[in-house]
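A.B. asks: Here it is, the structure in full.
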């Protein structure tokens, strides 16, 4: 019995060592496209914020740019995931905030529900997992769902469509549905 338990624990711990090597290969060209895409997308959103006195930018958009321009061919980087993930996660955060306030458990529930809903709708986008935290801690109004979330995520997708497809070896998106 002791050996069986020890063996099970050992196997459990050994799994955490990993079993392969990092599959990402990075070239200068990939890094340059990532730089240009992130610079243009965040630069445009920041410029719009400065020119209009409206909020066009939120921190999770920086992480969305990493995916959209750095690992553009990953399933979690596709337009459906960027826009859908941000909308779903923000809606969850807004709903919970406006019903329950901003307690620690509301933050935790928001992130957990956002993950589950993105998963079942096939719109998982890791940066969007932060959106409930952003909207709950800021006490955001419902209009936050439109601006910056919907408009900002659409701007990132449009720029990703333009920048990524300038490279003849890239096709973005890999899928829409």
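Note that Cβ sites are derived from N, Cα and C of the backbone, with glycine treated the same way.
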A.B. asks: Tell me which of 104-122, 123-141 corresponds to the transmembrane segment entry in TrEMBL.
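C.D. replies: The range carrying the transmembrane segment annotation in TrEMBL is 104-122.
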A.B. asks: Counting Cβ pairs under 8 Å that sit 6 or more residues apart, are there three or more between the transmembrane segment (26-47) and the transmembrane segment (78-97)?
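C.D. replies: The transmembrane segment (78-97) and the transmembrane segment (26-47): touching, no.
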A.B. asks: Does the chain bring the transmembrane segment (54-72) near the transmembrane segment (104-122), so that three or more CB pairs sit under 8 Å (pairs 6 or more apart in sequence)?
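C.D. replies: They do not touch: fewer than three Cβ pairs between the two stretches lie under 8 Å.
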A.B. asks: Could you tell me what the rest of the chain brings near the transmembrane segment (104-122), counting residues at least six beyond its ends with Cβ under 8 Å?
C.D. replies: 80-81, 84-85, 88-89, 92-93, 96-97, 128-133, 136-137
